[in-house]
Every structure is written in structure tokens, then in C-alpha cells.
Amino acid sequence: CDSNISHLMSEIMRILFIIVIKTHCLSPCAGAGGWSPLVSDRYQWLEVDLGRRTQITAVATQGRYGSSDWLTGYLLMFSDTGHNWRQHRQEDSLGAFPGNSNADTVVQYKLKQPVIARYLRLIPLDWNPTGRIGLRLEIYGCQYTSDVANFDGSSSLIYRLSVRPSWSEMEVISLKFKTLKNSGTLLHAEGQRDHSLTLVLEKGKLLSTLARLSSCLLVSLGSLLDDQHWHHVKLERLSTHLNLTVDKNTQQAHVPAELSHWDIHQSHGLQKPILSNRNFHGCLENLLYNDLNLLYLAKKNNHQVSGNVTFSCAEPVSVSATFTDAHSFLQLPGLTTWSSGVVSVALQFRTWNKAGLLLTFDLPQQEVMVWLYLSEARLRLQISGGGRAQLDLSAGSGLNDGQWHSVELNSREDQLSITVDKDEGATAHVSIPLPLTGSQECRNPFRVFQGCMRLLTLDNQPVDLIKVQQRLLGNYSHLQIDMCGIIDRCSPSHCEHGGRCTQSWSTFHCNCSNSGYRGATCHSSTYEQSCEAYKHKGNTSGHYYIDVDGSGPIQPQLIYCDMTEDRTWMVIQHNNTELTPVHSSPERSQHSAHFDYAAGEEQLAAIVSQSEHCEQELSYHCRKSRLLNTPEGAPFSWWLGGPAPGQVQTYWGGALPDSRQCACGLQDNCLDSNHYCNCDADYDQWTNDSGLLTHKETLPVRSLVLGDIQRPGSEAAYRVGPLRCHGDKNFWNAAFFDKETSYLHFPTFHGELNADISFLFKTPSSSGVFLENLGIKDFIRIELSSSSEVVFSFDVGNGPLEVQVETHVPLNDNRWHSVRAERNVKEASLRVDKFPAATQEAPADGHIHLQLNSQLFIGGTASRQKGFLGCIRSLQLNGVTLDLEERAKITPGVRPGCPGHCSSYGSLCQNQGRCVERASGFSCDCGQSAYTGSFCHEEVSASFMSTTSITYTLKEPYELSRNSSALPSSIYSDTTLRGENISLGFRTSQSPALLLYISSFYREYLALLINQHGEDSSPLLSSPLLSSPLLSREANCYAQSQVQRKHGEDFNLTSDVEFNNIKSLILGRVQESDELEAELAGLASLGFTGCLSGVRFNSISPLKAALLHPDSPVIVTGPLVQSSCGSSSPADPYAAETTHSLSDQPSSADPGQPLVNAIRSDSALIGGLIAVVIFVTVSALAIMARFICSRKETYRTQEVKAAQPEDGHEFPFSSQVDCESAPSQNQKEYFI
């Protein structure tokens, strides 16, 4: 069907011009002559009549012979009738076709899909600028035959089988239809038990509905199908699966077993009348059931087919005009009757825009202007005079739905009315006095209309748009006459993951709210792919939405992330994780349990696959209830595990797959050595078989069957714990490129319509290509172009485009930086770290498919130029992680893995926590921190009673006597201190109170206390908020005291005293206070009542050691209870629950940050502010005291009386800072 059919057209070809002044006919001699209109503009065309509907497969163009006249671009239109033209578009919805570059070369374009048409029209767009329009044309194709039937709204066609057909695996119905009506029933098929399947045209869309007692929608497909063009429909049934195809788009649905075949022995109705006003008006062509042509049978009067149709297609002529852009207009002459104020205008329109001017005219006698326009998808009528609005009417709503809407405007004497969609009754009218006074305004205050119009009448006289096209009536510009060029950009929708598509005439928009995705097409996930990724953004334990495949089809799932250990666990709960008892019952021989997980099947499979390790507890507690009936008997119990629906497993927790053992059998320590499970011993006493299932291939546990429960006295209980997985194989997958000429290669990247690429990199180099993939003309590349700029470049056929991000900070600092690039049909974007993203919009009507065919190169290019030096990690393309490590193992110049994560993530370790490198990632060592947790962020706090005492011994007495210079065998490494760093948090209402006491073997001591002045109690002390003093002293300079809440205040004081041979550190009550002065001794004996948190003295954390490390040199007396009293947030039972919400997440929040369900109190906030104000104003009343008493007799030569307290109940206060003049002889100093 690819032969030249030009010779068939010699007698039937017609060449039409808008302005017929000079005609150039095609010469019968090949290659001579050509077509060239007198005027070269975009309003010319060449039309070819092939005499009958023909299958057209290609067209070829050539310039005019012996001239400089040729086309460089053109449009192709097709039609069956010579009216209602349809523009042919290429695969990327491009309308323009490339032409010639000279007059002699033939350029052929093969149509991707053959076009069936009788008429072809070629419209020049561009031509040789030094010549004029010139063309020689060839058309390729073959004859086309078909069977057609016309349905007029009362017609029907029914097909019945005389015998019941044998059941078949697949059945197919296919047809073509065309119609001007947007509603009607195309097909109705009946099955067993009153089930029926119907294909219905509804508002230009094809719906497949299933009905029994009530109707339900199976699938909806297509749009704008009421355009009087042929549309192909195919309905395929494969068992209980149904595929519906409309033109090029297919959707799937599931049908019940009663419709697993059409059961045509009852009836198969085509256009069977259901509702008279819903019957189909239009034509059907080539109606096939499997390979049976039903229209041919009807034409031959086959007894199985009955109906009242005509076997031709009635083609009503409806001439439309398309207003394509902001320059489109149609000007028509007014009628003489309008001078009297009697006006009647009617038209139909369709558009996607909410606003646009439909028509305007003036009434000279009344000196007014009339404006009929769309605003907010409603029709509005405005009559103005004198420069101000005199009348404003509105009618209709939602008129930008792409459907045809009718409008009638009638003015009679003193009454004016507008009617929208008359059949639906949307009418507005008003009585007005005419004429309206004022001067005429000649400006357009409204947006221009973009859309289609048809059936335009003035005073009930139709406007002949063909005459307008031929310049015989009115005037126009930028119109496409005799066609409606509306395009539904939301069918099929480019919005992914449930994003809602809306559109205007020239573009579309995706609403991604509540979808969990973002971007112009809702392509990129808002959430991380694992708990590991959340942790390395600084998050702590809580519920997070996990999107295991990123931009892939699997939906996000709410999962609990346990980050309390070095490992980060993903915990997937199911419907029964508790220990569940099973009682004996003679009525049943088995007990079964099914487990429904919080995550879906796809999420479960992906989580297990990408995790390094998964485990699930499986426990069975028994008394006279056997489990696996080892060693030889058939198992009484088993479980199903692994990918859905699961496989039968006959081993138990702690054992190996297929071993038919429990953990004790593997360890050879069962109660009865003759059995491999404790429960199989069948003892009349409670025992259990418990352990962890760790083989990912058999996880998760889906159901459990327990068999030996029917005997009298049998008792049992089982527990199946949640599925727990840790280790993200994708997040740490990395490769190190140590040569500029080295690279990794992978199969071609397929991201035709949507492509997202994300990775992390670190490098010392200032430039290098991260990745590149080439096509014949298309390409995609991401590179580091300079030390502070990343460039994302690509070409999809519209010319190269670049998106650049300039960071203004160096990226070659050998620290990890993140890159995320996305390209879709609307735009391209690039983000580097947390810098603002750069975007580049795609051309409105350009190529959209990215077509690549070479290998994907990582870390370099095919030319081995501009290679990358450094590390690339966690490289993902459209949610799929490339295994860089595995490929690097077999590639010279590239090494798997990449160490050195603390330089980037070390800041996550808080409160003196130390970052420790690991093979995959890092961990925080909290050994020298007073805090605990994965980031050393969790305060260690306890409630103290007055009798509570914690003594941390730094050095035993015999060590000092044996060798005074020897270092203690404790974590403390210095016995003589010229500086201290003390930090703690406290909450108490006690005043005065001793917070911390440190003593030495030389009767020196350091005390941190709360002192009360007079009778007042500071709000700081009684506030429920935590106060955090921090003290530090550097040798020969100063000591510093700070109380932190929302704001801090510093007190700088002088000291140059050494603190020698520290013996112990005491929190709470001091048991032995003989070495203290009387005042301080009395205070020490009272102890401390309240909360202490995060206590740290240099590198010692005595409270943490007492609570978490009982093997430390620490002695605890009295009650000590670990609690969360040190938490700086108000007590709230829900505060520990952190959750990412799809609906509640603020748009400005970091997607990696969890939302905390905390109860906020306005009074608490106000109280906190008041407490801060009072603290600032009465800071002298709430003081932190630190003093060192030196009683070394060998060095004491005199007393410095100026340093003695004047009052036994108070300590003097000094805030003067003078390091130079600090007294060097003071053996006793007071810091308040």
C-alpha cells in the first residue's frame, strides 16, 4: 500500500485557491511544472480529491521545477467530505512537517499510521525566503473498502447466535464510529444472570459500564469523540480481564465471571434502544465480532442479524472556525435591522479557557456597545455607554469543559435576554430602557477567545463561513476555517500518580496536592525511599511516608522508622502482633490465622528486596501441643511466607529453610534430643519454640496454621512479630572514579516522556561529566561545568536546551552534594543541594519524546573526554537504582564503594557525639556525650528524691598513695585541671539546692548550686521548663556560667587556680560532708529534689553511667528513676509520634522533616515569655554559684579576706572580667 497514486488523480484532482488569479497545473510529465499561487502567504492551500476514500501511507514534496520556489514547512489536512478538515499530527503532536531545502530534492514523509480519507489539503507554512511558494506533490497509498451503516437515533442492529458458542479464552469486538452528538449508546451485550456490558458515549467520552441490579463504570476513555471524524474502538475480553482501546489509547478493567464470555446465545445488541434520547446518531464502520463482519451479514440479510439501518453514511455539513491565538478575529457586517435595537445572534462554541470575548457589536442609534464574553467559565453580557457599564448579565457555568455550548442573544424593544444551552434551560433576561446614553467605546477590555465556533446566525440567517474563507464576506485573520482544531491535552493525561489535569487552550496543569508527588507532571516523589534516607537528613524515630521506588508506580506507604540503634529499622506492622492464645477444641482440628500488613504487596516486595537484612519473630508457646512433629511425622503446623500468595514453610523461627527444625534443633539443645523442636516433646508443661526468621525469600509471614490443638489439655499461644528490615542497598551504592578516562556503562535509558535522575557526588575536581546518553539527534547529559555550577542539558528534537544551577559555594570540597534533574513534557528542572531549583519551560508545540539509543555512560562520555574524578552514589533513574558497585568490580579505573561520610554527615552527631566511619555510612559514638540515641540527641534524665545520691569515683585512694603521678584507670585522664566544662539541665522548685559536687584528695571541691536571696523564689526555679547551666573555665583566664532557656545570659568571672587530684563527682545528696563549711554542708545534706538531665563534666557523664552503664565506677543510693523529665517540650503522650502527612504537610517544609503531633498551649507559650522577661530583670536573684575552696596548708600563707562572704546565707556576686589582674594568690574563690 505504498505505491504512487498520483497517476490515478489526473482526472479527479482539483486545485483550489482562495484567490484564483493565476493557476499552475501539474504537468503529466514527471518532474516538470508545479504549483505556485500568485500570492505567497499562509492563506493558500492545495487540495486533492482522490475520488473515493483511500488509505494514504505517505506524501512526498519537491520544489517547483527550474525555480527557487519550494516549501520549507507545511500542514496536512484530511477530510471525507471536503469539509470538516482534520489536521494530521506527528507522534509528538507536532502539526508542522519539514519541507524541502531546494527545488530538486524529493522529501518523503511516511505516516506513522495510515490515514483513510478522500480529500487531502496541504497548507504552506514557510517557504524559501528568496523565492515564493512552489510545490510538486506525490501521494502514496492504496484503495480502501469498508462496510458502513447509518444510525439516525431510531435505528438498531441486533445479532443473535442460533447455537450456544463454545467457550473461548479471548473474544474481540472492534468497530469505527463517527458522530456529531456527544452522547449515545454504541453497543449493548448481555451475559448470564442478567449481567450486561454497555459502551456509551457520554459528553464526548466513551464509557464502558457493567450492569446487573445497578450500573457501575468500568473504564472511561477518549475525549472530543463528537467531532464527526472516524474513531477506532476495540473491546478485548481475556478471561475476566477487559481491555478497551479508543484510537491509540488502552485501559484495562476487570469483569465478573458471568461476563467471562459474551454469552451471545441470548442477544448481542448493537445500538439496542435503551433510552430514546440516548440512542446513537452517526455511522458505524467495519463492525467485527472476532473475525465475523456483522455489517456485511446484515447487508446480506443474514437471519442472525436484524435491524433497520441504511448502509451508507449520512454526512451532515457543519463548518467551524478555530480561533487559534491572540491575533484571531472574525469581522462581519452588521444588519440594518440592528439600528432599531432589534438584535438576534446565535452561535455554538467550545473552549478550554475560562475567559474570552465571544462577540461584540455597537448599536449606533443607541450609542452603546454590546460585549458577550466568558468570565470564570460563565457567560456574561455587558452593555456599556458613556465609558461605564450600564448593564451586566450572566448565565451558565462550567462552560470551559471542551463541549459544544449554544448561545442565543435576543433584544426586543425594552427586553434583552441571553440563553445558554437552551435544552438545559440556562437563561437570563432583564427589562432595560433603550437607548442608553453615552459615547461609543472602541476598545476590547476582555481577553481574546481561543476555541471553536460554528452555526453562527444573525437574525436567524446563517453565516456562510466558506464565503468568509474565500474573502467574499467580512474579514478575518489567524483563523482556521472549516475545521475545529481543539485538542484535549488531558486525554491521555500526562499527570502521573493520580495528579488532576486541568487545561487551557494552549497548555495543561497538574494539581499534585494530596498525591505525595510534585513537579509539573506529579512525577517526583515528595518522600524518601527508605528510613535510612530519612535518618541521614537528621530525622529521628517516627512514622514516615516511604516511597520505595521514588517516581515509580508504587504508592507511598506510612511506615514506622526505628532509629534508636546504629541500624535504622523499617517496621511494618500487621493486624496481630500480640501473643495470641489458642485453646483446645474437639470441634476443630486446626487453627488458622491470616496477617494483613500495613503496607501493600508491591511495597512489601520492594522493601524486602532493597533491604540488606529482614527479620520477623515467630514464636509458639505450647503445653501438650506438638508443632512440626519431628523428626519423621507429617508436620502438624506450618506457615505461608514469601511473595504473594506465599509458599508453605515447615521450619520455625531460628532455623534454616526446608530444615523442618526449630531453633533448638539447629543448636542441638532441645528438651528431648529425639526431636528438633521443644514442643514436639509433647510435655505436659509449658515450653516454647521461638526465634527469628531471617531469610528474605520466605518473608513476610502471611498466614499460620496450627494443627495439634484438638486434644484435651492441649494449650498453645503464638506470636508473629512485625516485619523488620534494615540497610538500604540503594542509598549507599557508590563507585569511585580515579581516572578521567574511566567510566561505567549501562543499557540505554528509557525516559521518553518523563525522566528524573538523582544522585550524590563528591569530588576534588572542578569539572567532569556525571552521565551522558546519546541518540541519533537527541541526547541527555549532566555535568559539573565549574567548581560551583552544575549543568543539565538535553535535546528532544527542538534543539539543545540547558538548565544551570550556580551555587556560589564550591562543590569540589570533597563533601557529598545532591543533584536532582527532571525533564517532562512541560519543563526541565535542576536542583543542587538545597539551592533554589532552576527550570526551563518546554516549547508549547514541540517534540516531546526523548529518543536515545546508545549506552548510558556514568562518570564519563563515549569520547572519554571531560571524565569525572570522585565518587557517585545512589544514582537513580526514574526510581530505579543503578548498581554502580557491581559494575565497578569489573571495570578498570573504577572502584566499588566510597568511604569518607563523616565530612558530610558528621554534623548530625550532636552534644559531643563523635562521627565514626563505616563501610556503608557512618554512626555516632556517644561514649563521651551525656546524651544517647542515634545522633546523641536524646537526653538522659532522671527524677531525684531528697535521699538520692549518685557518686562517680574518678580515682581510688590506693592509686594516689601508690603513685601520685600515675593516671587513674578510668575514663578520666587528668588529675590536675586548669579548666573545666560542666553542663547539665535541671527542673526543680527547691531553693537553695545543690546541683553538683566534685571533691579532690586535697580537700578542694567544686560545687554548683542554686542560691536563694531573701524570701523571693525566682520564676526560673519554679518554671516547668528545663533550665540548662553551662560552666567552663580556661586556665589563667575566666569561668563562664550560662543559663539557657530560650535565651541565655553569660557571667564571666576570673580564676587561675588549679584543681588537683579529683576524687569523685556527686549528684544529689552528699553523704560525707565533713570537708565542707557548715553552710554548704547543711545544703548538701538536704539533697536535691527534681529533675537532672544531660549531666556532663568534661568527658564524664555520671548520670548516663548510673542509668545505662551500671558497670561503671558509680554508686547509686536512694531512689533513682529514669524518666523523660528532661525533655524541653511540654509533657504530651503524643509527642513521640512523628508522622509525615499527605494532607497536613506544609508546602514550605522540608519533605524529610517529620511532623509532630504535639498539643500546643498558648498559655504555656505566654508563660515562657514572661519567665524569660522576669529572668532578665531579676537575674541577680537567680544565680548559678560555683566556688573552689583550697585548703592546702603547705601553700596557704595568708587569707585574702576580701574574698570571704559577708553573710553566712548569701554569697557575694561579681561580674567584672579582668584576666590580667586576676589575683594569683587566692586559694578560695566564689563565682556566683
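The backbone N, Cα and C atoms fix where each Cβ goes, and this holds for glycine too.
Unlike curated entries, TrEMBL annotations are predicted automatically.
Summarising the annotation, TrEMBL assigns domain 'F5/8 type C' to 1-142.
If you look up TrEMBL, you'll see 1-31 marked as signal peptide.
What TrEMBL records for 147-313 (among others) is domain 'Laminin G'.
Sequence annotations record features per position, and here TrEMBL assigns domain 'Laminin G' to 319-484 (among others).
For the domain 'EGF-like' (486-523), the number of residues in each DSSP class (helix H, G, I; strand E, B; coil) is 0 helix, 10 strand, 28 coil. TrEMBL lists 486-523 (among others) with the feature domain 'EGF-like'.
Marked as domain 'Fibrinogen C-terminal' by TrEMBL: 522-574.
Positions annotated as domain 'Laminin G' by TrEMBL: 733-898 (among others).
Around the Cβ of Cys871 (disulfide bond), the number of neighbouring Cβ atoms within 10 Å comes to 24. The disulfide bond feature in TrEMBL is assigned to Cys871-Cys898.
Remote same-chain residues near the domain 'EGF-like' (899-937) are listed as 532, 535-536, 538, 540, 563-566, 568, 727, 731-732, 762, 814-816, 983-984, 1094-1096, 1099, 1101, 1103-1104, 1108 (criterion: CB distance under 8 Å, separation of at least six residues from the stretch ends). Look at TrEMBL and you will find 899-937 (among others) tagged as domain 'EGF-like'.
Annotated compositional bias 'Polar residues' per TrEMBL: 1138-1150 (among others), in sequence order.
The compositional bias 'Polar residues' feature in TrEMBL is assigned to 1213-1232 (among others).
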Averaging the per-residue pLDDT over the domain 'Fibrinogen C-terminal' (522-574), what integer do you get? 92
The domain 'EGF-like' (899-937) resolves under DSSP into 7 helix, 12 strand, 20 coil
To see if you understand the setup: which same-chain residues, six or more apart in sequence, place their Cβ under 8 Å from that of Cys898 (disulfide bond)? Ala734, Ala735, Phe736, Lys762, Cys871, Arg873
